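> Just dropping this structure here.
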Protein chains: 6
Amino acid sequence: MSTDHDAAGLKASILVEALPYIRRFAGKIVVVKYGGNALAGTSEHDALSLFAEDIVLMRLVGMRPVVVHGGGPQISDLMKRLGKETEFVDGLRVTDAETVDIARMVLKGQVNPQIVAAINVHGHYAVGVSGVDGGLIRATARDERLGFVGDVTEINPEVIHGLLDDEFVPVIATIGSDINGQAYNINADTVAGAIAESLGAEKLVYLTDIEGLRRDVADAASLIRQTTADELDQLVADGIIAGGMIPKVASCIHAVRNGVGNAHILDGRIAHVLLLEIFTDSGIGTMIKGLHGTTGLQGDDA
Amino acid sequence: MSTDHDAAGLKASILVEALPYIRRFAGKIVVVKYGGNALAGTSEHDALSLFAEDIVLMRLVGMRPVVVHGGGPQISDLMKRLGKETEFVDGLRVTDAETVDIARMVLKGQVNPQIVAAINVHGHYAVGVSGVDGGLIRATARDERLGFVGDVTEINPEVIHGLLDDEFVPVIATIGSDINGQAYNINADTVAGAIAESLGAEKLVYLTDIEGLRRDVADAASLIRQTTADELDQLVADGIIAGGMIPKVASCIHAVRNGVGNAHILDGRIAHVLLLEIFTDSGIGTMIKGLHGTTGLQGDDA
Amino acid sequence: MSTDHDAAGLKASILVEALPYIRRFAGKIVVVKYGGNALAGTSEHDALSLFAEDIVLMRLVGMRPVVVHGGGPQISDLMKRLGKETEFVDGLRVTDAETVDIARMVLKGQVNPQIVAAINVHGHYAVGVSGVDGGLIRATARDERLGFVGDVTEINPEVIHGLLDDEFVPVIATIGSDINGQAYNINADTVAGAIAESLGAEKLVYLTDIEGLRRDVADAASLIRQTTADELDQLVADGIIAGGMIPKVASCIHAVRNGVGNAHILDGRIAHVLLLEIFTDSGIGTMIKGLHGTTGLQGDDA
Amino acid sequence: MSTDHDAAGLKASILVEALPYIRRFAGKIVVVKYGGNALAGTSEHDALSLFAEDIVLMRLVGMRPVVVHGGGPQISDLMKRLGKETEFVDGLRVTDAETVDIARMVLKGQVNPQIVAAINVHGHYAVGVSGVDGGLIRATARDERLGFVGDVTEINPEVIHGLLDDEFVPVIATIGSDINGQAYNINADTVAGAIAESLGAEKLVYLTDIEGLRRDVADAASLIRQTTADELDQLVADGIIAGGMIPKVASCIHAVRNGVGNAHILDGRIAHVLLLEIFTDSGIGTMIKGLHGTTGLQGDDA
Amino acid sequence: MSTDHDAAGLKASILVEALPYIRRFAGKIVVVKYGGNALAGTSEHDALSLFAEDIVLMRLVGMRPVVVHGGGPQISDLMKRLGKETEFVDGLRVTDAETVDIARMVLKGQVNPQIVAAINVHGHYAVGVSGVDGGLIRATARDERLGFVGDVTEINPEVIHGLLDDEFVPVIATIGSDINGQAYNINADTVAGAIAESLGAEKLVYLTDIEGLRRDVADAASLIRQTTADELDQLVADGIIAGGMIPKVASCIHAVRNGVGNAHILDGRIAHVLLLEIFTDSGIGTMIKGLHGTTGLQGDDA
Amino acid sequence: MSTDHDAAGLKASILVEALPYIRRFAGKIVVVKYGGNALAGTSEHDALSLFAEDIVLMRLVGMRPVVVHGGGPQISDLMKRLGKETEFVDGLRVTDAETVDIARMVLKGQVNPQIVAAINVHGHYAVGVSGVDGGLIRATARDERLGFVGDVTEINPEVIHGLLDDEFVPVIATIGSDINGQAYNINADTVAGAIAESLGAEKLVYLTDIEGLRRDVADAASLIRQTTADELDQLVADGIIAGGMIPKVASCIHAVRNGVGNAHILDGRIAHVLLLEIFTDSGIGTMIKGLHGTTGLQGDDA
């Protein structure tokens, strides 16, 4: 019986620890960028199920999660199956009309409904949209030679606000369109930041396959628990942050300087990493503090 | 100048003719089934543009259109490109797991955003969803041997109501899912009817590539302008209505017997056929009168 | 059959032309000054019926029309029947107590209900009020020697807002009252402008018996299609605009400088001139452009 | 000082007496028929001012008064001034087209704005409408030989509800119209009852020039303080109630049998008779008790 | 009968006199400080009943009264019964932990429910709260040596707004608490002023056992009917206002300088003194005029 | 680091376990009877703090807890301090006027604000009321010889609904009043049941100092985990449930037969017992299943 009591006490203490966070984040919007690479630590299906549970829990306790996803590997896979070669111009990958159609099919027609379905196993929560729906993401060509690779020119978040007001979880495929209805493929990391800004999100979260940012790439002990946009500017300038992390980090910097509470780089390989970040005192991964954000570490500034 | 006056008078008379219909249908839901075959009379792009204009006009004058679409030819096309063979069991076409994934990709990722984009050239009107979103279409296997061919078991129209309340035009891809999130391909004609019933629609419209139903298939003069569910039952029993028209006609019959105002079989090859049906005294195509429906022919029973 | 198709095509094209205007003016308030002289080109009854149809159509497609009317000829008529002589002081017409009572009777008790009744043949749309109702028009004597000729000192548009919110069409007789309840007769052209300003109307429309303003009174070809408040100031200063047009033009100038979108001088003798101005690309009559108004001519600045 | 105290005590006691009535009638609709004859005991202007004060007080303490008025003497007066003879058919007075136009002018254009203005001296309270406005009173000819004497066929109280919801006091001129917009003159006593029923009024009050109903016309001591519809049926059958009181009494009987709380026949010659009836324990005049009405006499059944 | 008529006329005139005040104060918040000493002129029970009637009447005619009370004599009484001695430090009365518990018991558990019950004899109107409820009154120790004597640091009026929105009459016991939940006893006069300011009250009323403020304490004829914050500053500086009136007068001064309409010092010994102050032209007691307040004397500035 | 991972996994699993319960109970009302005896297992202050944390957590995750409390021991204590003897009539304890005043002081003035203060350490959550406030508990004498011991005759839950709608936690002291404002002391167990019924609560929870109900009082192993109203009727009839448990059990039986979801007898000595009952699969104590209640044991019937 004392074991029972101990277990009960532990359960109770964890619930009590979560309490101030539930209060703090009630009604707050959290934009989560979910990428294929975040799933590396476990089988894809299980990772998606765990992620879906986290999203549902966040929504159930009154938060308003928004999921943004890309799907690079899946696009490459379908292109390969269709025997479609990628063209290059001056060494840069070109997204021709057929490629952007394939990207749209994969993102909106394959990855998006998989995420929606995984969430909706728990109820009628998620609704998948792309940037074409309700004019959500207005885009323009980045460089004509690259074809239909787009930059975001405008976010029209009415459709997202409508879904959130109806208590749905929007799941967003990062296809945008120009004024003529032409589709563009857009970097999902960048879209996540732009969406978070347009919604005035409390948190912008990138699920990745790294533990977090490091001050010394070679030294696991140099993991950055908490930092600022200014420090990140320096780390980028110094070349410490590089490669595929650049769009994420640039979006984090821009977001926290434009009204988003905090930004987070989390390790998507840890089960329920979203819950652990949000509902526990210790936090996890790397947090970039915004001007108005609340800190996940101390948990006492409500 | 008299020509100017004549033109002005004609314009005015047409606007005045449309007047009672605008009053009559304000706030009413019209479910339009849009199929690839409806586009046959003209180039596909133009047909889609004209259709999109009609939908936008209906919405602008206060109606609440809902678009339901399939995409059979496009699915076949991608399957062919992927070298995917269709299996048969006892002579019936099987939708295996790969096929339903392809169908989902095409419907949600290709056809749906094309329609959405065509409408959204005019503004931020349309939002595309599939039956997976918000649990809209719950399905179950029709016959296990056929794989993932689904029958509708339940429509959860909350997501559609939410979009309509936010003044969006829902565009619905007819993929459903079961309770475990497994996708099913569902006949789009049937889904259109089920959606219309669940929304209590004023009209259910099928855009086809025929002029309308005929009492004698071989006789163009036998076009049915207006009929009832009972008469259609008889025409089906007599084998006069057959083949691909069966799901449409069966849905029309079921719908008008379950609260839908009227159902219509229209010729999608006629430019602006929706506007002509709705806003002119003469109507067009075949109308199946419901118990509570208003008649497009006389136009004076408001 | 080709004739049928042509007619259908023409109908469709006119409906499609009207589309962007319906979008543009949805929910917008349009104040229409309706005067006896506007009816000259046809029998009075028909002209009123056509006008009523236009008002109902505007209301049905979501606009919020407000009708302001005078009734000078009808007042003169009743005065004659009652053997009431008009007095003059220094050559100016005097409105004594009996005269203002007669004016009130005619405007509120004869002209106003005629307009209301003509509109309400189409439904329960119109509600007639005068400036006394809900304290709508507060007036003061213009010149004590002229008796009860009033100037507007204050518009209290609550009653109009209430009626518009309840989806009624307000029809306003231009009798005002002072703080003691004394009635005053007020120039209807002036009231229309003041009402339009107080409501922040999108359009202020004067229905007259001329084709529009001209730069050279003698030259029909000098019709002004579009102009500005500044140019009108000059035309008045130059004496080109004079006589009975002065109150209308002065009200137009004041209105577009005080928040009203555009003002229009239209030829009330043209059947359905309101519909033609609002719903067609070519516009009609003279438009005075406001700072924030949309232009009827190009139709492409939505 | 003791006089001061006494006066204060008296004031206080009267305010306190009024208390339960204010509670009881908060939000309740009271339809008051106001007729020319009610003004006999004092100068017309003063009587109207006192009446207006009562209506404003009722509104200020949260009741929702509705005024219905006729204007027979004023119509006769204008007809005389216009030299218009009344025709008779089989001894019955005929309302020809000209007569109904005169009646409309007088009721809507003279009497109605006088009442509105008297109330609006106290604020922007009253709004005058006729039965034509918002289709309020739908009428049909009583007898073709009598011309445009109408019977009520339908009350459409939306415009009255709208005005009450906007906290206005509707003042209703008893002109109705048929479906073609033709005006009819309707007995104001009858309209008052029909309006009260359609609004589910708490009270229907007739202001008259008699002290109340009597059981013996010749005996002032036989004044009826409180009665029922059944007793009134008997008094009418016995010929004790006759002449001009018939439409009032018939309307009272019909009203209390169709949902109106109580009906009252009051002496309009007593200053502030409405206040005294409503806000004092002793009541005044004759009350016809309805099934659900509260009694003015005991004042303790809240 | 003439006597009847005279009585009716008097009743009517008093009701009519009250009219503009009901209009003026509709929806306005009036904070009334009710103290034991105000009850001196009559038996306690009767005084409370009369006070309760006034509060209910104010509420019934659409005002929003808020009652604030202390209970010094009742606290002293219970302390005596419990044999609790009052401690003094440097001549100042100390509120130790036991004393503040006693004060809380008496104020919240005895005086508050008595007032609530007296009001609720008339209906479900009053709800009693203390400064602990909803965090209404946040307090801090005035002087550590005095124990739990508190100063107001913050008013959180949400609970009061909620009760007012639900049409209840809040009755407030002046116990506050610090951030740890420790109770403090707070001067009720001061709390009344702070509550009035936080609510933006139209009136702050102190019911006392004096006729009003005097310019010469010894001269009843020097009663101040109307004054300003500036004059009161002077009277306090001159020592003319002193003793127990200081907290009341200081609160009045602070309140009218911080948005409260007017403040009043009334003689609670006069029956229905609240009604007489609010609903009669002559006013009563001393009024301190605020910047935006309406004057009770002239009654004509609505 | 594996310990870290284990701890993270455990935290995550507990959060995930709580998920379906948060969904299930969102917006649901839970009435908790909190009694002095429930605090026995630990120091009073700590028990109250833990209880307050549970209430706040329930509220934060969207439930609507309502606390009902008595305070027998505290009443006895004050009576002793005041030297007040308890009278007996025929062996029954009499609540004379002085006693009910003491009970009111203690319940409303001592116990109630202690609970409120403990909750409000976490925010402005709790508002304390008694049955007198807003006429919440209407009572009548149970037996005249017993004095002011009351039975509930009516619950008027408007004040509770108002507080819940404003997102407060009502804390209710179980003093009622009759129509004359006379206070009555009422059994808190009974009040809790009546309140739960009037609110249509999802759960009625009694915190006690026993582990739960037993089928054999002497056998700890006979603890009843789940039962029905019918079985409890039998256990009472058999004398197995007796003494102080009778009012609790009778209230549970009545409540689940009158619309309350489930009732629970919990061991208030276990820290965070409310959280453990509500948010874990295993449940705790004894549950009495209602007709529409959800079961705490299986946790899978959402």
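Each Cβ is built from the backbone N, Cα and C atoms, and glycine gets one as well.
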> Among D:ASN185, D:ASN258, D:ASN262, which residue does TrEMBL name as a further substrate binder in the site formed by D:GLY71, D:GLY72, D:ARG93?
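My reading of TrEMBL gives D:ASN185 as the candidate in that site.
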> Measure between the Cα atoms of every pair in D:GLY71, D:GLY72, D:ARG93, D:ASN185, the residues the record assigns to substrate, and report the largest value in Å, rounded to a whole number.
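Those residues reach a largest Cα separation of 16 Å.
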> How would DSSP class D:ASN185 (substrate binding site) in three states?
strand
> DSSP secondary structure for D:GLY72 (substrate binding site), reduced to helix/strand/coil, please.
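Its secondary structure by DSSP: helix.
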> To the nearest whole angstrom, state the Cα distance for the pair D:GLY71 (substrate binding site) and D:LYS33 (site 'Transition state stabilizer').
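That separation, Cα to Cα, works out to 11 Å.
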> Around D:ARG93 (substrate binding site), which residues of its chain at least 6 apart sit with Cβ under 8 Å of its Cβ?
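Non-local contacts for D:ARG93 (substrate binding site): D:THR86, D:GLU87, D:LEU146.
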> Which chain neighbours of the substrate site, leaving out D:GLY71, D:GLY72, D:ARG93, D:ASN185, have a Cβ atom within 8 Å of the mean position of the site's Cβ atoms?
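In sequence order, the nearby non-listed residues are D:GLY70, D:ILE75, D:SER76, D:THR95, D:ALA103.
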> Find the one among the recorded positions D:LYS33, D:GLY72, D:ASN185 whose C-alpha lies closest to that of D:LYS248 (site 'Transition state stabilizer').
D:LYS33
> Please work out which residue of D:GLY71, D:GLY72 has the most C-beta neighbours within 10 angstroms of its C-beta, and give that one of the binding-site residues.
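Selected residue: D:GLY71.
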> Near the Cβ of D:LYS33 (site 'Transition state stabilizer'), how many other Cβ atoms are there if near means within 10 Å?
31
> Would you mind listing, in sequence order, the residues at least six apart from D:ASN185 (substrate binding site) in the same chain with a Cβ closer than 8 Å to its Cβ?
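Spatial neighbours, sequence-distant, of D:ASN185 (substrate binding site): D:THR95, D:THR99, D:VAL100, D:ALA103, D:ARG104, D:PHE148, D:VAL149, D:GLY150, D:THR174, D:ILE175.
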> Looking only at Cβ atoms, how many others are within 10 Å of the one on D:LYS248 (site 'Transition state stabilizer')?
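There are 24 of them.
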> Which whole number is the mean pLDDT over the domain 'Aspartate/glutamate/uridylate kinase' (D:28-267)?
91
